[in-house]
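Report on the following structure.
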Amino acid sequence: MITHGCYTRTRHKHKLKKTLIMLSAGLGLFFYVNQNSFANGENYFKLGSDSKLLTHDSYQNRLFYTLKTGETVADLSKSQDINLSTIWSLNKHLYSSESEMMKAAPGQQIILPLKKLPFEYSALPLLGSAPLVAAGGVAGHTNKLTKMSPDVTKSNMTDDKALNYAAQQAASLGSQLQSRSLNGDYAKDTALGIAGNQASSQLQAWLQHYGTAEVNLQSGNNFDGSSLDFLLPFYDSEKMLAFGQVGARYIDSRFTANLGAGQRFFLPANMLGYNVFIDQDFSGDNTRLGIGGEYWRDYFKSSVNGYFRMSGWHESYNKKDYDERPANGFDIRFNGYLPSYPALGAKLIYEQYYGDNVALFNSDKLQSNPGAATVGVNYTPIPLVTMGIDYRHGTGNENDLLYSMQFRYQFDKSWSQQIEPQYVNELRTLSGSRYDLVQRNNNIILEYKKQDILSLNIPHDINGTEHSTQKIQLIVKSKYGLDRIVWDDSALRSQGGQIQHSGSQSAQDYQAILPAYVQGGSNIYKVTARAYDRNGNSSNNVQLTITVLSNGQVVDQVGVTDFTADKTSAKADNADTITYTATVKKNGVAQANVPVSFNIVSGTATLGANSAKTDANGKATVTLKSSTPGQVVVSAKTAEMTSALNASAVIFFDQTKASITEIKADKTTAVANGKDAIKYTVKVMKNGQPVNNQSVTFSTNFGMFNGKSQTQATTGNDGRATITLTSSSAGKATVSATVSDGAEVKATEVTFFDELKIDNKVDIIGNNVRGELPNIWLQYGQFKLKASGGDGTYSWYSENTSIATVDASGKVTLNGKGSVVIKATSGDKQTVSYTIKAPSYMIKVDKQAYYADAMSICKNLLPSTQTVLSDIYDSWGAANKYSHYSSMNSITAWIKQTSSEQRSGVSSTYNLITQNPLPGVNVNTPNVYAVCVE
């Protein structure tokens, strides 16, 4: 049968040439595997144009015979010596009763057993020749042998030669198709010519005699959605069918071929079968293995198929920036029909595929391990036409609705048998579907994987001293070029540090501004980065670890990074101990088995040991005790350290007296503005209990306690007394406290810094002019901001790098037109802002172009006069004084034409490096730049 179908799906581009080549290859295979059957020659001939052969499981040879005028079934029975009961057994499905068959009129068809008919010659016709006619056929039929090739008509012509000749004809057809470059109109004309050619119709008819041919031709969208399939038996007996199946299809702009083989075993009431297929996607270079099983009965079909990839990851044929490969999976299919109403059928399909990004529905909707169930109904009012509707529902509520109409033309049946409803029933029986195509998914379902088009790597962590600037080494691999890197440095910013762009033209040139070292803190910060390319793709997140060292530490040195006590005070009874812990690291990594020496810097006390080795965590401990009240400072040092690291002072106190056991400040720095205060708190204890209403005397060597250098405060119920210290000038202060005749204790030194400021005047890099920022800009022009106050170390930050970037020295680069805020943070955590206001205009140097092209590039926004550019030169100096233009010796720019210049074909120019204003320059002069005004 030949089946034509039409569907509602939209398809794309068709490669007709590949389809026809694949068809020729399939036919060549068919002739090869069937050469023994053809050589036998018993069943392959025709008896006139209206009598055709049909292979059958019960009667291997049947003849469809059209009654002539004056003929009856009884006449045939008598003249051909065929029993009437035999004829009736072959025609039960054509006539309602034997009596109706006997009344068959001229023009109606009767099926006769062909083995009863004598013949003298049988052979395979040549492509394009008229049908061969068997001698001694049915009365009234001509038995004339038509003209053939001389070799074929010779008396010694063998069946093998006939086979070889036919195979050569098929191969020749394929070769012709291969040698042509088929375009749209030519392909259509060629297809129509082949369809109308006698050789083609003979070829289709022969194939129909020995299997099933199904053609689905989509005429719209360049034939996308079209397919051809052939099931070709190469061994056929009543109980077993061995077959090959070839197919080709062009769906979703992919050309796919299928080649398979299988066996079907027929039992009295059912059929069991298996098959193996190789599926090849020639467009995308994907290969898949399919293994399937079948179980059929009358009015029922079921099959199960497994699909296994045979090709790996490679660049996708039609999905940009993705790799693809076949997805492994399976499906289970059921088809059923009502015996009482065989025109109505139903189907059920479940399919499951495996992979992270599988395109079960389409390549734009990728899913993980998707599955789908399909239910459908179809209606076949006559054998020629089948209409259906399928609904598929899958993972993630994806769904698909398909309407279809198929036209099935069977060459082995008369026209009347294809348009009358009573013949539908035969299609649903086991015998009638013996040569049906294997039910499977011939399209390769694909799995996709995003290509590594953009990757970011930071090979080294950063270790540096406080307030230092450290360059960040980045490794970026990008298919489309790096656009920007986005950082999350919130942890670093919380302590006064930051990640910032260096101000160069490279999008990956970043540096870390390290915060102050925090005594007793972790001083380890985690920041993350993500890269973006020019197409909007993003990389993976990458983490950078930054370790801040104190000023006394050296990078790559095995040294003490932390030295702390477990408590701030102890009883001066020579028994109560304070335990110190020293942490030893190298570049942020803990170091084991490192000797650490300990020493008493000030005060009177006794160490438990003078040295200790670090454990697996890089920690070494020592104890301290004393019998003398007072403060004690202890230090720790490794052999590689040039200076020791001091711990905070601890207090030993006489518990029998009211004694200060703790003194601390709430911060170590403050602004020297007379308002920013540092609060001190002392705690007074006696016999382990807080002392209430105890007078405490505070004194300072710098700053004031409410206008005084010495003052008193009284403790509360919790034994605590507080006081605040301010200063109107920068300097360092040490506060001490005493109670009655107790020992004096001192707090850690604090610092007052001048208020952080940014000067409103800027330094223009190109002309060394200091003044207000010009309100007309040169793109990539640079100026320097000057900060003062704070601790003297500053980190800079731009809130919008597309407008301006700023480097570690405060040098600003103007990238685009707009307003932006630049912030500076000092090491003592003061922050100040500088607002850059949008200019009245900015000029942008593009590329060299003729005047007309320059107008197009700038969208007609060229400088209106030479003055526009001379003002830029006066404000910013020569353009090549800036890093972006440093390699250029000349930037001659077009000026927008006046009306008179337009008539003359000339324009004016101005050079942004040498000035040199010129009038009357020909508009086709090369080496002149398009400089746009924004």
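Using N, Cα and C of the backbone, Cβ positions are placed for all residues, glycine too.
Taken from Swiss-Prot, the feature region 'Peptidoglycan-binding' covers 40-153. Residues annotated as region 'Sufficient for homodimerization' in Swiss-Prot: 40-153. Residues or ranges marked as domain 'LysM' by Swiss-Prot: 63-112. Taken from Swiss-Prot, the feature domain 'Big-1 1' covers 560-653. Residues or ranges marked as domain 'Big-1 2' in Swiss-Prot (evidence: sequence analysis): 660-753. What Swiss-Prot records for 787-833 is domain 'BIG2', and it gives sequence analysis as the kind of evidence. Per Swiss-Prot, site 'Implicated in intimin receptor Tir-binding' is recorded for Ile891, Trp894, Thr898, Val906, Ser908, Thr909, Gln915, Asn927, Tyr929, Val933, and the stated evidence type is similarity to another entry.
This view paints the features noted in Swiss-Prot onto the structure.
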residue : record                                            : DSSP (3 states)
Ile891  : site 'Implicated in intimin receptor Tir-binding' : coil
Thr898  : site 'Implicated in intimin receptor Tir-binding' : coil
Val906  : site 'Implicated in intimin receptor Tir-binding' : strand
Gln915  : site 'Implicated in intimin receptor Tir-binding' : strand
Asn927  : site 'Implicated in intimin receptor Tir-binding' : coil
Val933  : site 'Implicated in intimin receptor Tir-binding' : strand
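Other C-beta atoms found within 10 angstroms of the C-beta of Ile891 (site 'Implicated in intimin receptor Tir-binding') number 20, with every protein chain shown included.
Put simply, Trp894 is the one of the recorded sites Trp894, Asn927, Val933 whose Cα lies nearest to the Cα of Ser908 (site 'Implicated in intimin receptor Tir-binding').
Taking only the Cα positions, the spacing between Val906 (site 'Implicated in intimin receptor Tir-binding') and Tyr929 (site 'Implicated in intimin receptor Tir-binding') is 15 angstrom. Averaged over the domain 'BIG2' (787-833), the predicted model has a pLDDT of 87. Nearest neighbour of Thr909 (site 'Implicated in intimin receptor Tir-binding') by Cα distance, taken over the recorded sites Ile891, Trp894, Thr898, Gln915, Val933: Trp894.
Distance between Cα atoms for Gln915 (site 'Implicated in intimin receptor Tir-binding') and Ile891 (site 'Implicated in intimin receptor Tir-binding'): 9 Å, as a whole number. On the backbone, the CA of Trp894 (site 'Implicated in intimin receptor Tir-binding') and the CA of Tyr929 (site 'Implicated in intimin receptor Tir-binding') stand 6 Å apart. The recorded sites shown are Thr898, Asn927, Tyr929, Val933; of these, the one with its CA atom nearest the CA of Ile891 (site 'Implicated in intimin receptor Tir-binding') is Tyr929. Around the Cβ of Trp894 (site 'Implicated in intimin receptor Tir-binding'), a 10 Å sphere holds 27 further Cβ atoms from the protein chains shown. Fewest Cβ neighbours within 10 Å among the recorded sites Thr909, Gln915: that distinction goes to Gln915.
The candidate set comprises the recorded sites Thr898, Asn927. Of these, Thr898 has the most other Cβ atoms within 10 Å.
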